Every structure is written in C-alpha cells, then in structure tokens.
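Annotated in TrEMBL:
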- 15-248: domain 'Cytochrome b561' (DOMAIN)
- 12-33: transmembrane segment (TRANSMEM)
- 81-101: transmembrane segment (TRANSMEM)
- 113-134: transmembrane segment (TRANSMEM)
- 154-173: transmembrane segment (TRANSMEM)
- 185-207: transmembrane segment (TRANSMEM)
- 227-248: transmembrane segment (TRANSMEM)
Amino acid sequence: MAIAIPVKALPLSFVVHALAVAGAVLVLVWNIYFRGGLAWESTNKSLIFNAASDGLKVCNGPNGSRIVNLMSHFFPPPKQLHPVLMLIGLIIIGGEAIISYKALPFRKEEKKIIHLVLHAIALILGIIGVYAAFKYHNESSIANLYSLHSWLGIGVISLYGIQWLYGFVVFFFPGGTAAIRRESLPWHVLFGIFVYILAVATATLGYLEKLTFLENSGLAKYGSEAFLVNFTAIVTILYGTFVLLTALSQGPVEDDYSYSAI
C-alpha cells in the first residue's frame, strides 16, 4: 500500500539510531548503577525479592581483611534482565528491523535478510526477557500475570512470534506465490506496526509499574532514579514514534530491487 509522508527516511533514521543509543544507555545505567547489575542466578532470594543490590558489599576476609564482594554488585537477580532485554531486544532491535527497508541503501534481497534476522534477534531476546520475569517471580514467590503489563506482554510476544513465522514462510522460505506475497504485504506491514505500537505501550506500562512499586517501597519520588526511569520511558516513546515516522517516510529511489513505499 502506497502511504508515505513527504519526508526522506534517511535523516529520520539518524534520529532513530541516536534515540536507540540513548535508550540503551539509560536502561543499562538504571539496572547496573541503580539496581545493582545484571545476572541470571542469585542464591540470595531476598535480593531477588527486592530486585536490588545496594552497591558493593564489603565483608571480612579470612585474615581479617576487608574484601569487596563484586559478585553481589555485578550478579544480582534475573529480574534486572527483563527491562534490559525487552527494551534493547524487542523495542530497539525490533525498531531497527522495521526501518531497515527504508533506511538501508541495499538491494531488496539483502534488506530482506537484514529485516528477518533483526526481527529474529528481537524475538529471541524478548522471549528470554519474558522468561526472566517469570523466573524472578517464581523464585521470589510472587504471583504471575496479575497486571495489565504482564497480560499485554504475553500478547505482544505471542503476536510478534506469529508475525515473524508468517513473514518467514510467506516471504522467505518456502515462500508464497507472487499473488500471495502481493496480497499479504500490506497486511503484514499493518499488523507489524500494530504489534510494535503495542510493544512500546506495554514497555511504558512496565516502567510505570516498576517505578510505582519502587516508590511504594521507599524510593524518593523526586530522586535521581525516579527521574531516570521516567526519562527512559520518554525516550522509549520517542524512539517508537520515530521508528513509525521512518517506516512511513520516503525510502531510497526505488528500482527493481526495492519494495514500494509502505
């Protein structure tokens, strides 16, 4: 379907890349500096329950010396992996996959491979991120799937997987007929945009939910961490907005190797 805003895709894609870097840095600073780090396992279940580690731990060594316990700083609970994997994986890498057809000056088949692989990476990281949330809840005796964020999250990752599998079968291997591909493309694009908007909205709800829990547990409402989480949510929304603008903008000059404007 030929819907394109009268703006070149390339300059918009630069904004997307800049926001991607900003979002990745913010979520990593939040979870490594403020929340204690990233890890898959933690023997201290109270740390998993609290989802935090207050910096470096100092303990007494065998000779009375004081030893810095780096493990508690760099290897906290799996919950910390959830926001990192969902933002960098599903939102950022997924967004880069969406704009690949408009932002890259390559041939159609090359852009198709890039589009497919980036979405596969985003989906895999998203699945691991969802599993990390379940793992944290189960090990901390917290109920699963009780919030709107969790419900939408399961819906998003399921729809994302269906979208990727359909695209793989119809457009890559074994590939549908020319008529099927032609009829499917507008719906594939439209459904993909819908799932991506839903993913950004779900991520925003996740920031709100996590920050609310932290503030109810004593985090300062006007503290640096609260501001950081809010700014990360804003950058996420801006990133999603510019991804959609790029997807709807004018791509490189079309030739025999390019798709028509979305």
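Backbone N, Cα and C atoms are what each Cβ position is placed from, and that goes for glycine too.
Keep in mind that TrEMBL annotations are predicted by a computer and have not been checked by a curator.
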Which one, 81-101, 154-173, 185-207, 227-248, has the most C-beta pairs under 8 Å toward the transmembrane segment (12-33)?
227-248
Which residues of the chain, 6 or more past the ends of the transmembrane segment (227-248), have a CB below 8 A from one of its CBs?
3-5, 7, 9, 12-13, 15-16, 19-20, 22-23, 26-27, 29-30, 34, 87, 91-92, 95, 98-99, 102-103, 189, 193, 196-197, 199-200, 203-204, 207-208, 210-211, 214, 262
